[in-house]
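Visitor: From TrEMBL, here are the annotated features:
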| type | residues | note |
| --- | --- | --- |
| TRANSMEM | 16-36 | transmembrane segment |
| DOMAIN | 24-302 | domain 'Sugar phosphate transporter' |
| TRANSMEM | 42-62 | transmembrane segment |
| TRANSMEM | 83-104 | transmembrane segment |
| TRANSMEM | 124-149 | transmembrane segment |
| TRANSMEM | 161-181 | transmembrane segment |
| TRANSMEM | 193-210 | transmembrane segment |
| TRANSMEM | 231-250 | transmembrane segment |
| TRANSMEM | 288-307 | transmembrane segment |
| REGION | 312-331 | region 'Disordered' |
| REGION | 342-363 | region 'Disordered' |
Amino acid sequence: MATSLIPEAPPLSKKFAACLSYGAVSVSITLFNKAVFTVYKFPYPCTVTTLQISVSLVYMVILQRFKLFDYGKLSFSKAKQAAPLAILWWLYVVSGLFALRFLTVPMFSVLRRSTTLLVVGGEWLLFSRGPTLSALLSILVMIAGAIIAGVTDLTFSLPGYIWVAICAVSTAAYLLLIKYLKDESGLSQNALLFYNNLLALPIMLAYLLLATDELQHVMSSPQLSSPSFQAFLLLSASQAFLLNLCIFWCTTVNSPVATTVTGQMKDILTTGLGLFLFGDVRFSAKNIIGVMAGLLGGMLYSTVSFLERRPKPELSKRNPAPPDTMPPRSWSQDLSLMTLLSHVTPGPTGSLRKGTRGLPSPS
């Protein structure tokens, strides 16, 4: 009896659990970070980022020791490969936390969607690849929602908008660089995660010590003596690492599109909770319309991505295309994973696994 070489699909329960874990942790880390800044009055994003990076490294080393996580042996050449990505990753994580300090959760979620448009523009400029009309329209709905929400934001904060703009630009640059390098690097998902944290730690420490006065305020902060705050801060830091594992698991057992759809659904939940939990949202009908339009655009984009990736066996059988004329993947397939990465805070999730299909190296 012949044995099938096609691997069995993961059971539905496992797929659902992967999506649920990603959605739950993603919502949780956004709300926990916001609570650290707002509820506990601990406005020190650089300190929080340094703690998140340090805790993530400790977890990775411990899991590697018990053979539950493998980032390989330390290598200078691998660190050199990951250095540009680590710098961009550090910038988008720090700017995201700074933005979250000044902005409400709904505004942060909506404004950060501008990353998708920047990625689209970068794809067109660098790789001469553009979206389908349906995908472009859904992205424009997202951007229109962000503009309406921004213009009508009653809690407008110029520093918050500047930081979220830096966050969007650095995130787009990070994602485009992953796309540019992914065929030329042998870095695994775990190695990328490890080196990003390892290289970002000295950058973060130098910035914390030389460019801010956070430490002197942190050391005199009354919250440090509160056991409940200590536990809350540790949970916030731990979830940064857990989120990356959940995204990788969800994308592995499902697909980038399924993970993106989960990301859009959790954005709706995050926005809804953020409207009421922290008491920093000033309601305006036009602002709510803008926020909802941004969420609708995200859902439309996810739907378009799903429909464009559905196989069409009958059509392919009738009109088989020559192998050398078939594109390596659809535009929506490439961008779907990039979009989900732009909606999480913080963490690198793009894999640089050798042999994955993607854009050819520029000559």
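For all residues, glycine too, the Cβ spot is worked out from N, Cα and C.
How about a rundown of where these features are and what they're close to?
Guide: Within its own chain, the transmembrane segment (42-62) is flanked in space by residues 33, 36, 69, 71, 93-94, 97-98, 100-101, 190, 193-194, 197-198, 200-201, 204-205, 207-208, 212, 214-215, 217-218, 221, 223, 229, 233-234, 236-238, 240-241, 244, 346, which lie at least six positions past its ends and keep a Cβ under 8 Å from the stretch.
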Visitor: Using a Cβ cut-off under 8 Å, which residues of the same chain at least 6 positions beyond either end of the transmembrane segment (83-104) come close to it?
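Guide: For the transmembrane segment (83-104), the list is 30, 33-34, 37, 43, 45-46, 48-49, 52, 111-112, 155, 157, 159-161, 163-164, 166-167, 170-171, 173-174, 177-178, 181, 192, 195-196, 198-200, 203-204, 207, 274, 278, 280-281, 345-348.
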